[in-house]
Amino acid sequence: MPASEDSLHRSEPTKEDIEVKMNSSGSPIDKPNKLKYLNGGDNSNSNATTTTTTTTEFENSTRPLLRNGDCNLPVQTVIADSSNGGNQLMTVYLNGGTAPQEVDKKIDDDPSGHEINSNARGVFHQILVTGAVLLLAAACGMPIGYSAVLLPQLYNMSEPLVIDIEMGSWIASVHSLATPIGSFASGPIMDHWGRKPALLAAIVPLFSGWIFLATASSHFLILVGRVVAGISVGLIAAPAQVLLAEIAEPRLRGLLIGAPFVSYSMGILLVYALGSYFHWRHVAWAGTILPLFSFVAIMFMPETPVFLARNNQLKKASRALTWLRGCPIQAKRELQQLVDRSKTESEESANQSLWQTLTKVSLIKPLIIINGFHILQILSGTYLVVFYAVDIISDMGGSDINSLQAAVLTAAVRLAFTFLYCFLLLMMPRRMMVIGSGIGSGISCLAIAIFMYIRLDAVKTPMDTYISAVFILIYIGTNTGFMTMPGIMIGELLPAKIRGRIAGNLFTIFNLLLFGVAKGFLYAKQIFKTQGLFLIFGIASFGASLLLYLMLPETKGRTLHDIEDYFQRPNWLWITRKRTAEEERRPKGSAEAEEGVPLKTVVRT
């Protein structure tokens with residue numbers, strides 16, 4: 001067997017692998033004479049004895065901390081027969097050892113054999129990588145919101161480059177038309193060269209796009225700047241989400257994947273704020289700063305272990321995992337999983353054509369979920385309100401409201417709620433959060449539509465302005481949950497084998513749809529009026545909630561391997577899935593049952 005593979009194999013631990021730090025009273029103790037596994041195994045090769053502990057005693061006791069260096073890897077609870085003759089209940093951190101077989105079959109352990117948990121240093125390193133992506137996400141948010149501050153200034157008759165509605169619709173929507181070009185190219189780039197090189201390459205056109213805008217002397221050059229920036233945003237979207245999904249451990253994955261949307265919203269807020277005080281050319285010059293900082297930050301982060309392992313760069317993958325998890329033992333285990341999974345997929349691919357791979361039911365299911373949600377999300381107004389914030393708020397509030405300052409306020413509310421949703425991803429099941437967001441968004445949209453219909457022919461009063469502001473802020477807050485989900489879905493639901501290629505194609509489809517809707521928005525507003533559009537937004541929000549309720553699996557706390565395995569099941573609807581033995585033991589409606597997180601291991605009498 002090659003050395004690179006042999007070094008990945010795990011061995012049973014010895015007593016010397018384990019360092020005892022403290023006993024139940026908190027004071028240091030010596031190494032125990034025997035460490036007896038709950039299933040009867042014994043690393044001292046003596047017969048195990050039967051020890052009973054009630055659930056209450058187990059959960060209320062202060063267990064001694066057993067550590068091996070910096071590696072916090074809870075694997076198996078054992079009975080420690082200490083030198084003073086007393087049995088103690090302990091959690092053991094094994095030095096690369098394989099967890100023994102379960103004794104109580106009612107306890108369903110993590111499917112991968114152990115939890116993927118980093119120590120504090122590893123978590124810090126994952127946050128550093130996320131921070132680099134956050135800079136880039138903020139840089140992407142600025143051109144998204146730029147049209148909202150650019151168009152009002154260009155509609156001004158005193159502006160040398162004054163525009164009409166037709167040109168305004170092109171300036172607002174051409175960014176979305178160009179984005180699919182970048183999205184389509186991003187898949188092959190990140191699958192061939194890697195996630196990190198794909199991001200670095202994408203920053204160059206983003207910087208160039210702002211230069212075109214800042215120096216534009218004609219409408220054509222403004223459109224060129226918007227197109228170049230749009231291509232860059234398309235190149236960035238899929239690699240950024242895939243990279244974060246592949247470097248994050250399961251317990252942090254939702255937060256880390258969702259965090260760029262906080263930064264994205266911050267970029268939108270930043271460009272709104274700058275646009276309310278500065279000329280559009282000065283705002284464009286300011287847009288060149290974040291791409292430069294993000295390029296430097298990304299230069300220092302590693303490539304994802306998933307990409308390295310799948311391309312047989314095992315040494316680099318091991319170093320990257322050790323840095324990201326903070327523990328070589330955890331890195332070795334996780335790398336073994338990646339290698340095993342890659343081998344299995346390679347064997348399957350040998351007997352399958354690309355067409356057979358792309359038409360597998362296990363891939364079609366997540367594609368239906370993601371594309372269906374993309375369509376309904378666009379129709380719910382998530383991005384339309386970003387593109388046309390000033391126009392929409394002006395229609396709702398009349399002349400008594402400063403529409404540009406109101407747009408800044410809506411961006412600030414979106415940013416605050418994006419922060420909130422990211423932290424909710426740590427505490428709440430994904431399904432509960434996004435379905436609740438859709439219902440709240442639908443109710444607020446219907447309320448806006450009804451209010452505007454009632455006040456359609458009435459004289460606008462200051463109270464109308466305040467009520468309109470409250471309704472639109474509620475809509476922005478609730479609908480923000482939709483903004484975080486596409487990236488999470490693409491990062492979590494797609495199989496690793498073709499994640500890069502498919503992710504790029506999905507972003508391509510999404511942005512083509514967004515371009516069509518954004519291009520026709522101003523014309524649709526003339527036909528349906530603003531109140532009619534919010535009625536459509538509300539119906540689409542309810543439709544998205546229904547789709548996700550029926551089909552979206554709960555991914556919180558699950559490894560990417562677990563999620564891939566779920567789509568191998570025969571059911572199409574999540575609500576008709578055959579529950580596993582582990583899930584059957586959980587009370588229906590409980591948080592643990594919704595999340596799909598393994599139960600805490602307890603010892604029963």
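Note that the numbers count up from 1, one per residue, in the order the chain is shown.
Quick reminder: no glycine exception, Cβ is built from N, Cα and C everywhere.
Keep in mind that TrEMBL annotations are predicted by a computer and have not been checked by a curator.
Under the heading compositional bias 'Basic and acidic residues', TrEMBL lists 1-20.
Positions annotated as domain 'Major facilitator superfamily (MFS) profile' by TrEMBL: 126-556.
The region 'Disordered' annotation in TrEMBL covers 1-67 (among others).
According to TrEMBL, the feature region 'Disordered' maps to 584-605 (among others).
Outside the transmembrane segment (127-147), and at least 6 residues removed from its termini, the chain residues within Cβ reach (under 8 Å) are 171-172, 175, 199, 203, 206, 209-210, 213, 226, 229-230, 232-233, 236-237, 240, 243-244, 247-248, 256, 259-272, 275, 280, 283-284, 287, 290-291, 293-294, 297-298, 300-302, 324, 383, 386-387, 389, 411. Feature annotation from TrEMBL assigns transmembrane segment to 127-147 (among others).
Per TrEMBL, the feature transmembrane segment maps to 167-185 (among others).
What TrEMBL records for 197-214 (among others) is transmembrane segment.
Nonlocal intrachain contacts for the transmembrane segment (220-243), taken as residues 6+ away from its ends with a CB within less than 8 angstroms of a stretch CB, comprise 129, 133, 136-137, 140, 143-144, 147, 150, 161, 170-171, 174-187, 189-190, 195-196, 198-199, 201-206, 208-213, 257, 260, 284, 304, 487-488, 490-491, 499-500, 503-504, 506-508, 511. The annotation transmembrane segment is assigned in TrEMBL to 220-243 (among others).
For 255-278 (among others), the entry in TrEMBL reads transmembrane segment.
Summarising the annotation, TrEMBL assigns transmembrane segment to 284-309 (among others).
The transmembrane segment annotation in TrEMBL covers 368-390 (among others).
According to TrEMBL, the transmembrane segment annotation covers 402-426 (among others). Outside the transmembrane segment (402-426) by six or more residues, the chain places 145, 148-149, 152, 251-252, 254-255, 258-259, 261-262, 264-266, 268-269, 272-273, 275-276, 385, 389-391, 393-394, 433, 437, 469, 472-473, 476-478, 480-481, 483-484, 488, 556 with a CB less than 8 A from a CB of the stretch.
Per TrEMBL, the feature transmembrane segment maps to 433-454 (among others). Within the chain, the transmembrane segment (433-454) has long-range Cβ neighbours (under 8 A, six or more residues past its boundaries) at 380-381, 396, 421, 424-425, 467-468, 471-472, 474-475, 477-482, 485, 529-532, 534-535, 537-539, 541-542, 544-545, 548-549, 552.
Outside the transmembrane segment (466-490), and at least 6 residues removed from its termini, the chain residues within Cβ reach (under 8 Å) are 237-238, 240-242, 254, 257-258, 260-261, 264-265, 366, 369-370, 373-374, 377, 380-382, 385, 392-393, 396-397, 401, 406, 409-410, 413-414, 416-418, 421-422, 425, 430, 433-434, 436-438, 440-441, 443-445, 447-448, 451, 503, 506-507, 510, 534, 537, 541, 544, 552, 555. Taken from TrEMBL, the feature transmembrane segment covers 466-490 (among others).
Per TrEMBL, the feature transmembrane segment maps to 502-521 (among others).
Per TrEMBL, the feature transmembrane segment maps to 533-552 (among others). Same-chain neighbours of the transmembrane segment (533-552): 365, 368-369, 372-373, 376-377, 379-381, 384, 430-431, 434-435, 438-439, 441-446, 448-449, 452, 475, 479, 482, 489, 521, 524-525, 572-575, counting only residues six or more beyond its ends whose CB sits under 8 Å from a CB of the stretch.
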Determine whether the transmembrane segment (284-309) and the transmembrane segment (197-214) share at least three Cβ pairs under 8 Å, counting only pairs 6 or more apart in sequence. yes
For the domain 'Major facilitator superfamily (MFS) profile' (126-556), what's the mean pLDDT in this predicted model? 86
For the transmembrane segment (197-214), distant same-chain residues with Cβ under 8 A (at least six beyond the ends): 133, 136, 139-140, 143, 146, 182, 186, 189-190, 221-222, 224-233, 235-236, 239-240, 243, 280-281, 284-285, 287-288, 291-292, 294-295, 298-299
